[in-house]
Amino acid sequence: VGFFGSGVGLSLVLGFGVAYACYYLNSIAKKPQLVASNDRFCRFLEEYCPVVTETYYPTIWCWEGRVQTLLRPFITSRPQVQYRNELIKTADGGQISLDWFDNNDSSYYPDASTRPTVLLLPGLTGTSRESYILHMIHQSETLGYRCVVFNNRGIAGEELLTPRTYCAANTEDLEAVIHHVHSLHPSAPFMAAGVSMGGMLLLNYLGKTGRDTPLMAAAIFSAGWNVFESVESLEKPLNWLLFNYYLTTCLQSSISRHRQMLEKLFDMDLVMKARTVREFDKQFTSVMFGYRSIDDYYEDASPCRKLKSVGIPVLCLNSVDDVFSPAHAIPVETAKQNANVALVLTSCGGHIGFLEGIWPRKCTYMDRVFKQFVQAVFEHGNKIFSM
């Protein structure tokens, strides 16, 4: 009689399955922590964005943060999106590439002049072709909204006209884009969503402008709150092997195409020898934007230092197992001091992961938070704007 045929093997498998299910339900699947000092904001989220108060069930076979981070780009689908590209000029002679999804077939908002608009900011080396951006656009399409993706300089295939790229601390390009989009559709409700470094840039902009912005509200996903803590976490051996080295090569690849323009100001051979994000920022990013040291740049780039000044409603989603933004660096106490800020902290999800379901191809927890919050702002926002 075989091992399983004897019943012993089957009993062991069933026993392990039951034990794993109990562990998953008791230790993995949890309600997120909602941090907000404003009771009115909390009630608004509970009523119109209930996903932030519901139990998050990570994919049962890949709930660990690093695994979720690594698998999401390969597992999730890539919805088909037809963009209209626009290149806008900047004050310093550069250009920025915007990818528009106009949603002209919107039955909910057939008048383009008043169609709600969502500005999307991808991550560090991301563009409008990232799967998480495509999913946000797909969610917005079903609601009848228009989207425009802000591609950082030199990333989306356009040429650099000046020897300047981008960083998390400098908000000049973002300010130009927000002003441009708002000037095209001044009567349309307008908000923004940023992912990873895009979220950091958006937070730094909001901390700088306070209430003086045409944006109604913002959604932030997997932002690195304290850059010092982020790079230290990414330099741990396993994290360096899985993420840091690859991310550094992506950064180098993004500027190598513009080498002829950039080598006027930089020792590109030295920049291309960097093996960590910190080394890249030390030799390239901090120098480009005129910081005296990399520490000065990292201090200026850390959104946690500007959170108190945010003047519009902002919802921020982070996972506490995100190696790009360690749990101890999430500014929970600072968020409690600003009535405009709400943090949603999940126990699992990794960095832009948030996979859920047995085979998580179509929709993640992050997608659901995005959809519900954007809809809540555009359709019921008057209930929080008087906060």
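Using the three backbone atoms N, Cα and C, a Cβ is placed for every residue, glycine included.
If you check TrEMBL, you get these features:
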- 6-25: transmembrane segment (TRANSMEM)
- 116-357: domain 'AB hydrolase-1' (DOMAIN)
- SER196: active site, charge relay system (ACT_SITE)
- ASP322: active site, charge relay system (ACT_SITE)
- HIS351: active site, charge relay system (ACT_SITE)
Could you give the mean pLDDT over the domain 'AB hydrolase-1' (116-357), rounded to a whole number? 97
If you draw a 10 Å sphere around the Cβ of HIS351 (active site, charge relay system), how many other Cβ atoms fall inside it, taking every protein chain shown into account? 25
